[in-house]
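Asks: Quick one: structure below, then a few questions.
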Amino acid sequence: MTEEGIQKAELAAWMGAIGHLGLALLNGAVGYISGSKALVADAVRSTSIAACSFAVLLGARKGKPSSYETAAEGTGKAETGTAVLLSALLVVFGIELGISCIYSFFTGFIQPPEIGALIAAVIAFVTKEAMFRYGCRLGIQRAHQGSMEAGWDYRLHLYVSIAVLLGALGAILGDYLGNNYLYYLDPVAGLFVAAVLLKMGWDITAKSARGRLGSYLQKEDAAELLEAAQKVTGVITVDALKAREQGHYVIVDVSISVNPRISVLEGHDVAKTLRNTLMHKFSHVSDVHVRVNPYDPGYPYKNNVDPHQDTYPTILH
C-alpha cells in the first residue's frame, strides 16, 4: 500500500469511527427522549463499534517503534486491555437492556416511541448501508479476507439497524391504527439488539483469549509475502516473517540477513527496498517493520566452513 493509499484508508477508518460515534449520540439522545428501547440499545452498540475503531486506530499510530517486537507487544497489550473492558461493558449493557425489554413484556405498560425515533432509525439505516457498501468495495479492492470479514460485520450491524427501524415503525403504526400489540415491536427489536450486544461481547472475549486481536496470519497466507521478500536484492535469507492483522490492514514484521561486509547505510537501503517492495506489491500491507542482521555462514546454513574464506554472497547476489 502506498503512502497515499494508507492516508486514504486511515481517513476512511476515522470517518467510520466518527460516524459510529455520531450515530451513538443521535440514537441515544433520541431513544431516551422518545422512549425507544431499541434505539437506546442500538446507541450502545454503535458506541462499542466506535470504541473498537478508535482503539485500533490509536494503537496503530502508537505501535511504530524501531523494534517490531516492541510494536507488536505494545499494541497487543493496549488492544487486549481495551477488549477486556469493552467486552465486560457489552455484556453488562446487553443483560440490562434485555431485562428491561423482557420486563416491559410482563408489565404490559408499553408506550409507542415518538416520530423522532423513526427518523433517527432511518438515518442510522442509510448511514450503515453506505458504510457497508464502502467497506465491501474496500475489501474487494484489497482482496484481503480481513476486510471482507469486516464488511460482513457491517452487514450484521445493518440487520440490527433494520430491526430497529421496523420496531420503531411498527410501534408508531400501532399508535395510529390503535393496535396495542404492535407496541411490542419496539421492545422486541430492543431484545434482538441486546442479544447482538451479548454476542459482540462474547466474540471480543474469545478473540482476546485466543490472541486474535491483531492476530498473525497463517503461514500459508504469508507465503506470498515471504516469497516476495526473498527475491529482494541484497536479502540473503529471511530469518522470520510475520504478517499481523491490524484492523483491516496488515503489518509485516520481518527479520532478514544481509552481507555482513556491507556498510550500515547499505543495510538500511536493503531494508528500505524490502519495505517499499512489499507495500507496493501488496495493497493491503500498510506498514513493514524490518530488522537487519549480518548473515552467519555457520549453523544452520553451512557446516565445516573456513571462517577466513570469502564465501559471503554479495549484495547483488
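Glycine is no exception: its Cβ is also placed from the backbone N, Cα and C atoms.
Bear in mind that TrEMBL entries carry predicted annotations, made automatically and left uncurated.
Feature annotation from TrEMBL assigns domain 'Cation efflux protein transmembrane' to 17-209. TrEMBL lists 218-295 with the feature domain 'Cation efflux protein cytoplasmic'. Residues annotated as transmembrane segment in TrEMBL: 12-33, 39-60, 81-109, 115-135, 156-177, 183-202.
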Asks: Looking only at the recorded stretches 12-33, 81-109, 115-135, which one has the largest tally of CB-CB distances under 8 Å to the transmembrane segment (156-177)?
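Replies: Ranking 12-33, 81-109, 115-135 by Cβ pairs under 8 Å to the transmembrane segment (156-177) puts 115-135 first.
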Asks: Taking residues 6+ outside the transmembrane segment (12-33), which of them lie with a CB under 8 Å of any CB in it?
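Replies: For the transmembrane segment (12-33), the sequence-distant neighbours (Cβ-Cβ under 8 Å, at least 6 residues beyond its ends) are 39-44, 46-47, 49-50, 53-54, 56-57, 113-114, 116-117, 119-120, 123-124, 127-128, 131, 134-135, 138, 164, 247-248.
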Asks: Can you give the mean pLDDT for the domain 'Cation efflux protein cytoplasmic' (218-295), rounded to a whole number?
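Replies: Taking every residue of the domain 'Cation efflux protein cytoplasmic' (218-295) together, the mean pLDDT is 86.
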Asks: Within the same chain, where does the transmembrane segment (183-202) have neighbours whose Cβ lies under 8 angstroms from its own Cβ atoms, ignoring anything closer than 6 residues to its ends? I mean 6 or more beyond.
Replies: 36-38, 40-42, 44-45, 48, 86-91, 93-95, 97-98, 100-102, 104-105, 110-113, 117, 156, 160, 163-164, 166-171, 174-175
